[in-house]
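*Asks:* Once you've had a glance at the structure underneath, I'll fire off some questions.
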Amino acid sequence: MDGNGGNYTDKTRVLDIKPLRTLRPVFPSGNQAPPFVCAPPFGPFPPGFSSFYPFTSSSQTSQHTPDLNQAQYPQQPQNPPVYQQHPPPRNVSEPSMVTPLRSFRSPDTSNGNTEHELEGLTVKRKIPKKRAIANPNFESGISISDRENGNRELVVSVLMRFDALRRRFSQLEDAKEAVSGIIKRADLKSGSICMSSGVRTNTKKRPGVVPGVEIGDIFFFRFEMCLVGLHSPSMAGIDYLVVKGETEEEPIATSIVSSGYYDNDEGNPDVLIYTGQGGNADKDKQSSDQKLERGNLALEKSLRRNSAVRVIRGLKEASHNAKIYMYDGLYEIKESWVEKGKSGHNTFKYKLVRAPGQPPAFATWTAILKWKVGVPSRQGLILPDITGGIEGIPVSLMNEVDTDNGPAYFTYSKTVNYSESFKLTQPSFGCDCANSCKPGNLDCHCIRKNGGDFPYTGNGVLISRKPMIYECSPSCPCSTCKNKVTQMGIKVRLEVFKTENRGWGLRSWDAIRAGSFICIYAGEAKDKSKVQQTMADDDYTFDTTRVYNPFKWNYEPVLADEDASEEMSEESEMPLPMIISAKNIGNVARFMNHSCSPNVFWQPVTYENNSQLFVLVAFFAISHIPPLTELTYDYGVSRPSGTQNGNPLYGKRKCFCGSEYCRGSFG
């Protein structure tokens, strides 16, 4: 194909070259070969033999001892082993551009070290780091069969366990940074430990669909894709698998990561023009032509085989400091060519088209980017901001289902109003830190209440569920403190929308990282023990006394090489049995629906202001939440008040969450 101003590149001349791994030693026949010879490393040697690296010395290479050799070894016909290519090439005049043997190695990702060569990875080897050693006292609970072939529940579990460990290491690194100013990559350390400890799945590499990974899933770290088998290399953009061809083994591509730096989609979210790997300049070398080897060769072979590849899109948004990766499904490679890159060297280009019939993923992301700039206007938009400017970020109101113009009237408020029945009489004290609180500073009242650590990472992500989180207050002098996350308002672009069968719901335009704060439950707080009415007619009530399904979200101390006895409780502890009614006064949280398999959980948070204690119900993401995914939490069930057919009566309302684990009722 002519892709370079008329210069024709015949890639088929390279594709017939056989991998180096097909070379094998061919020895002479028995009557021609000399007897087996065993000589010391530095000699003496029989005629026709010499020392080999690293035993060669300058004296040996410049001098010979024929008399000594001849005296000890009789003359033999010298027919040393000969190496030939097997089978012979089809055309010996073709260029010799064989693929290096190391490109066909099985990936060694057990240590999670991104500076080591992985399968399909083209990077310069650096000084090796220490490999993470699995804790002998830790048992992953993942069987060998589940480790090779996963499912949705296992994929979600692996990702949650990895991120819980990463948050813990981030907490420790944040404390070190406050002292030394140096911070390390907690994701690499966590990924390495998970790899070596067996907290992973889908280790069996395969083309096509990966069990348990769904289109639209998002990842905030490359290591997450490694742990669930979506994309094995932690750095390289092309992952491939060596399979048996018609006459020989050949690589085929399994997945690619489009960084977005050199790729383009020609304005169509279902089309990707992907740039091959290699040839880029670094600090030691200049850029060069890309070679048809490794990942590039694998894409070319996939084109010939008509084999689909998984595509992961690299995304970046102003509200996120790091890149987000979204799995966009299967793509078919339609054509390839060579063209001059910006550096003036040849680069491989591949045109990929998304396979039809798949749910939208990257297309949704591109549509949201247009919504954020106001072009074009969305069909079904009722109000651009339901908060009336009260929130720092607008919350749109959307209905694409029916003709309903909006929910019943209520007063929007982003705070909690405490009734007289909920006045907490016990005194509370904040801190007197001058600039900002420091982790480990037990002189700080707020840090001491949290056990000596910040409850959040440096970017505001909750580290662990606790019975209670203690934040600094508006009256604390630490104005730049990072311990005021829930008091700073919502930070993601939310939307109230009409659902098919559950009334109004809540979702986000932004991708939400696990542990990120979403909002509080605003409304009128009351002491339930002092409220006479049962609130049965209130559809917008949060009741802290209900029974909630327990689940594991915090990190595993043994996996973090910590004492298992120090594992903290994840059960909430409220100072009083509180209920919050958002029927007349409330915020976006009143639109969050119930689910028996939620992606959001609630955490009690408290802070003092002017010696008065304030208690909040704050919502955080359980796992990474893709854009436009409905946000749900567990409403809980009332404590048993009777039985029916021998079974306790729990939920008062029928559940329509549609979850595989739906318990049938809630409330």
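Backbone N, Cα and C atoms are what each Cβ position is placed from, and that goes for glycine too.
Marked as region 'Disordered' by TrEMBL: 53-120. Marked as compositional bias 'Low complexity' by TrEMBL: 53-63, 70-85. If you look up TrEMBL, you'll see 208-354 marked as domain 'YDG'. Among the features that TrEMBL reports, domain 'Pre-SET' is placed at 429-489. The domain 'SET' feature in TrEMBL is assigned to 492-636. According to TrEMBL, the domain 'Post-SET' annotation covers 651-667.
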*Asks:* Take the domain 'SET' (492-636) and count its residues per DSSP category (helix H/G/I, strand E/B, coil), listing them in that order.
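*Replies:* Counts, helix then strand then coil: 10 helix, 57 strand, 78 coil.
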*Asks:* Do any residues of this chain, six or more beyond the ends of the domain 'Post-SET' (651-667), have a C-beta under 8 angstroms from a C-beta of it, and if so which?
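*Replies:* Apart from its flanks, the domain 'Post-SET' (651-667) reaches 501-502, 536, 546, 549, 593-597, 632, 634-638.
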*Asks:* Can you work out the mean pLDDT of the predicted model over the domain 'SET' (492-636)?
*Replies:* 90
*Asks:* From the DSSP assignment alone, can you count helix, strand and coil residues within the domain 'Pre-SET' (429-489)?
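*Replies:* Taking the domain 'Pre-SET' (429-489) as a whole: 8 helix, 5 strand, 48 coil.
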